[in-house]
Amino acid sequence: MMEASDDELVGGADELVEPPNGVINELLNVGQEDNMQGEVEEFLGPQAEYNEEEEERKYYRRKRLGVIKNVLAASVGAMIVYSVYMGLLQMQLILHYDMTYREVKYSNLGLEDIDRKMLMGINVTPIIGLLYTPVLIRFLGTKWMMFLASGIYALFVSTNYWERYYTLVPSAVAIGVAIVPFWASLGNYITRMAQQYYEYVNYKEEHVQEQKKLPKGACHRYIIIFQSVFNIIFHLSFVFAQFPMRFVLNHYLNDNQHILFNVNSCGANISGVIPGFNTTVLTNLPRSMLLIQVESVLMGFAFLAMIIFLLLCGAAYRPTEEIDLRSIGWGNIFQLPFKHLRDYRLRLLCPFFIYSGFEVLFAVSGFSLSYGVCILGLDKLWLLILVYGLSCSIFSSLCLGLLRLPRWVCLMGGAAVHAVLLVALLCFSLCPHPDKSTQYLGPLLVIIALWGLGTALNKTGVSILLGMLYAEEKERLDFVYTIYHWWQAIAIFIVYLWSNLPMRAKLSILLATLLLACYCYWVMERRLASKVPFRLPRIPRPRHKVKGYRYLEEDNSDESDSENEEDDDEEDGEQVAEEMGAEGGEEGGHDAEVQGADSPGARRRGAEG
């Protein structure tokens, strides 16, 4: 009995000493949870290897590289679009001019009438661009406006597969509708990239972190560089546009003695384009399959330009900024371009806007035809335009000198070059001699190269000047560039109307416009030096709807910084501060989250706020 009781006691002791398996598992789980919690705290805690300033610096370096990528992509895309457009249009007009081509291929279509109406659609339609361009840009956004316009140029290329009235004329009208929005978007986009680059370089500055108005002249350096790079790349479009003419059409042209047989005079003495020019310029007709292959190559490049705009170009504004730009009301957007003409700076620059449209079209259609083709023959047209494009591209780099020189140097330098050339062209006229035409090749190439020098200084200088005048007004850029390119469209329309005028009358109009432009520019610079106040229209405050997820408070936008709104902004800021103080800390935290940038440092500052 005693032994049995001892065994039972020992067994009971064993049962007390050995805990059940469930208790052991629970103890192990508790230990694992402690270890996991320690690992999580170690992972979420401050890392010895993590350098927040270094990460922020790398972040903004990537942002700066993205801005450079955007500028190069927009420049290359615009260059490809206009290379395709000008190359196809030039080849199309030469083919349609030949009487044999019209009679054999399209005898009953009336290609001459179609070409006249097509040119009318391209040149006349842009004069109404001021009415719809700002609305389109604000509705679609700057990037998507460039993409849509490049698609319209691609549509124009596609219609040449089937040359009919109902394909060519509507596509030409669509080109005319897209010209002003396309160029206004490009000018706005390049200037916005300069502003963004400044913000990413000076991301530690207080006015950048709080998204306030930039200091005066802060981003002028980047505007000069980016606009110069854009014009260097874009003017190469004149070079690539001559490839179809040089490698395809030149093999089918008649000799100069046949083409210029009835031409009696060239230069300043003529009226119209080339009086007496032969209507049969082709020895034999190009094969239809060859023309289809050329148009297919051009179509492929047009699609490439669309892809570049779509995939490689980033947004010009932040999403909240684009919403603010649209939220001022479509009626106000429609009216503001007209109200911006109250600014005497824009009014006094209008003659330069008009002259910049005059001189480019005179180079590619006036001088190159009435002087170049009339003396050298049609087979040298490609060489004249190619030299002009190379000259424009190379000499656009001279505008980088504005980093050290006053801003009037480019405009006045280009105007001086063109004034001398216009006076020389007024005195230059001769009778064509096909046998001796080669001796005039060198002087004509020098003249067209010098004209390209003036064009480069003029076009690049005007774009830089507008960017510098309105560098701190990012909500006005689309209106300003719309006015600029609308006046250029008016100039294109005038050139279209004067095609039958005497050459001396055309040159006199060009010279008078140039002198008027120089005088008005001098008046503008003198007023600015005297600090004469200019009048800017008030940009209405964005009217945000209370619905949706984008805005959870009333005041969260980039307001116009005109003098008329400063008092209103201060009052609204005080009112918002009082409301936030009454509502508590949650509203303040949300405000820091919305207004902060999307960087590591900004997230840290938002958390601290």
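One is the number of the first residue shown, and numbering goes on along the chain from there.
Using the three backbone atoms N, Cα and C, a Cβ is placed for every residue, glycine included.
Caution: TrEMBL annotation is automatic and unverified by curators.
Pulled from TrEMBL, these are the features on record:
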COMPBIAS  554-586  compositional bias 'Acidic residues'
REGION    550-609  region 'Disordered'
TRANSMEM  67-88  transmembrane segment
TRANSMEM  118-137  transmembrane segment
TRANSMEM  144-162  transmembrane segment
TRANSMEM  168-190  transmembrane segment
TRANSMEM  222-243  transmembrane segment
TRANSMEM  297-317  transmembrane segment
TRANSMEM  348-369  transmembrane segment
TRANSMEM  381-403  transmembrane segment
TRANSMEM  408-428  transmembrane segment
TRANSMEM  440-458  transmembrane segment
TRANSMEM  479-499  transmembrane segment
TRANSMEM  505-524  transmembrane segment
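Nonlocal intrachain contacts for the transmembrane segment (505-524), taken as residues 6+ away from its ends with a CB within less than 8 angstroms of a stretch CB, comprise 268, 344-345, 348-352, 354-355, 358-359, 362, 366, 408, 411-412, 415, 418-419, 422-423, 425-426, 498.
Most Cβ pairs under 8 Å to the transmembrane segment (348-369), among the stretches 118-137, 408-428, 479-499, belong to 479-499. By the Cβ criterion (under 8 Å, sequence separation of 6 or more), the transmembrane segment (440-458) is not in contact with the transmembrane segment (118-137), since fewer than 3 such pairs are found. Stretch with the largest number of CB pairs closer than 8 A to the transmembrane segment (222-243), among 118-137, 144-162, 381-403, 479-499: 381-403.
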